[in-house]
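K.L.:
Features from TrEMBL:
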DOMAIN    39-133  domain 'Methyltransferase'
Amino acid sequence: MYDIIAKNYSEIFPVDNGFSESIYKYYQEKNIKPQNIRILDVGCAVGDLSLKLSGYGFDIVGIDLSESMLSIAKSKICGQSNLKFEKLNMLDIQKLGKFDIVICFGNTVSHLKNEKEIEDFFIAVYNILNADGIFYFEALNYGEILNEKTAYFPVIETENFIFNRSYNYYKKNIVSFEIKFKDKKLNKTYSDLINLFPITKEMILNLLKRAGFSKIKYIANNIEKKTFMEEFNINYEAIK
């Protein structure tokens, strides 16, 4: 699926510059140099967030399973010694050593097969975090999708492409994620479908606690603002 949109990923899902800046300011207030902070970006895609964080001086490792995405991410490295990308399953992150922050955005967690795999991932995150380490991640608000059965996100259109995505709940513990991508220049349309595990807010909170996290909260005002995108996305922060 992700090979279809790899070349246009940065336009479809632009990086949030405010997040990187907030991380930098957080450690600046603690008088900790970015060079002393190691960050793991799980599901790094084409590496835009990792690249942004590395620009502040943080030591960054980005992992993904898409070779197309990783190829683009690696092409963005211009001599930085504090940035690397590699192909690795998120369940194998304990091979990478210790980190101060683990990031997992883009609904990556739901690509795991079931609740047990998600619990294993959360435990692995907890184990690789240093004391007071922070886990930031994003998940769709599957409670809304399970209630509504279908969620169509706004169409993204540029002069080069048209991108559609939808989520459909069609049987227990499976939500189908469908994309349609039209390349305007080639006048070709591509589509693909994958199944995701619909991890609900209640399940996330329970699994985080079971993994060992005790300080858990929602980030920003996602639940309160209730704009379309915020209604269907929830960001979490869990501190070891």
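Cβ atoms are placed via backbone N, Cα and C, with glycine included.
Automatic prediction, not curation, is the source of TrEMBL annotations.
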K.L.:
Grab the pLDDT values for the domain 'Methyltransferase' (39-133) and give me their mean, rounded.
P.N.:
96
K.L.:
How does the domain 'Methyltransferase' (39-133) divide up by DSSP, counting helix, then strand, then coil residues?
P.N.:
42 helix, 26 strand, 27 coil
